[in-house]
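**Q** Following this message is one structure expressed as structure tokens.
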């Protein structure tokens, strides 16, 4: 129900419709979503536990991985529980302020996800190009500072979204065709001028995503040059293996993001709305689900720690990178 607040129409709540056009199959859609969410929570919480308590993992690479796991937990927990409530119990109402809070967390931590992937690319660059200075360059205070800077970057750039959204008059109803409160999905319910919202959203995407992708590309260009110059085949193979898990994480994170970004701008009238919404949920769910699996499979140190814990061994030897 819409209530009048001074000169603007402010909705008391929004109604999240879920996946428009697939209402009859939403129950079936919920099962893979729920399964992926459980895997994401167990996997990322498990990684945080290992990195916290295993001395062998007290290294810069794993501190950045801990940041990524924490980000993934918050990112998917901001959306999936509410989506499951919609699919299972038809609890579609979300308060206006609650919607703004959800929007803030989603966009802040998706931005932080991108930032941490960029920091991990720089970490691999230092590890491969300056291996003897790795521990002196990436000190714990520096890791804490860049991690905090990445978080503050997201917060400071996303806060204006909430004010830009709250200032709008909403007179096109309060039914939001989505499973969560996305910035532009909410803004499109307004009868006011959303041009500023669209321009600022594009600017933030370029400032965060564009900058991070540029840094990742530059890092891997220099890594590739350094690896190719190695004379030993085994050394080249080992260098590539240290980057394989991170490359997989980049693919899982940016592939659905690029699809969602370009389809909204160039395929809005040709791609069904249900496809947009499912991909938008996969964008927030796939990286948290796959990152622990990829790092668990491809990182020997993590595999060894898991095997040692499961076998009940008390051996606390450290493992080389």
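Note that the numbers count up from 1, one per residue, in the order the chain is shown.
From the backbone N, Cα and C atoms, a Cβ is placed for every residue, glycine too.
Pulled the feature table from TrEMBL, pasting it below:
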TRANSMEM  27-50  transmembrane segment
DOMAIN    43-295  domain 'G-protein coupled receptors family 1 profile'
TRANSMEM  62-89  transmembrane segment
TRANSMEM  101-122  transmembrane segment
TRANSMEM  142-164  transmembrane segment
TRANSMEM  198-223  transmembrane segment
TRANSMEM  243-263  transmembrane segment
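Describe each of these features in terms of where it is and what it packs against.
**A** With a cut-off of 8 Å between Cβ atoms, the residues of this chain six or more beyond the transmembrane segment (101-122) that come close are 61, 64-65, 67-68, 71-72, 74-75, 78-79, 82, 94, 146-147, 150-151, 153-155, 157-159, 161-162, 165, 180-183, 186, 204, 208-209, 211-212, 215-216, 219-220, 246, 249-250, 253, 257, 283-284, 287.
Residues of the same chain lying 6 or more positions beyond the ends of the transmembrane segment (142-164) and with a Cβ under 8 Å from any Cβ of it are 60, 63-64, 67, 100, 103-104, 107-109, 111-112, 115-116, 118-119, 183, 187, 196-197, 200-201, 204, 207-208.
Only residues 6 or more beyond the boundaries of the transmembrane segment (198-223), in the same chain, are considered here, and those with a CB under 8 A from a CB of the stretch are 107, 111, 114-115, 117-118, 121-122, 124-125, 128-129, 153-154, 157-158, 160-161, 164, 183-184, 187, 239, 243, 247, 250, 254, 257, 261.
Sequence-distant contacts of the transmembrane segment (243-263) (same chain, at least 6 residues past either end, Cβ-Cβ under 8 Å): 68, 110, 113-114, 117, 120-121, 124, 128, 205, 209, 213, 216, 220, 223, 271, 275-276, 279-280, 282-283, 286-287, 290-291, 294-295, 298-299.
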**Q** Under an 8 Å Cβ to Cβ limit, what residues of the same chain, 6 or more beyond the ends of the transmembrane segment (27-50), are close to it?
**A** 19, 57, 65-66, 69-70, 72-73, 76-77, 80-81, 83-84, 87-88, 278, 281, 285-286, 288-289, 291-293, 295-296, 302, 305-306, 309
**Q** Report, as numbers and ranges, every residue of the chain located at least six residues beyond the transmembrane segment (62-89) whose Cβ falls under 8 Å of a Cβ in that stretch; write 'none' if there are none.
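**A** For the transmembrane segment (62-89), the nonlocal Cβ contacts are 16, 18, 26-27, 29-30, 33-34, 37, 40-41, 44-45, 47-48, 51-52, 102, 105-106, 109-110, 112-113, 116-117, 119-120, 123, 140, 143, 147, 150, 179-180, 249, 281, 284-285, 287-289, 291-292, 295, 301.
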**Q** Could you please provide the mean pLDDT value for the domain 'G-protein coupled receptors family 1 profile' (43-295)?
**A** 92
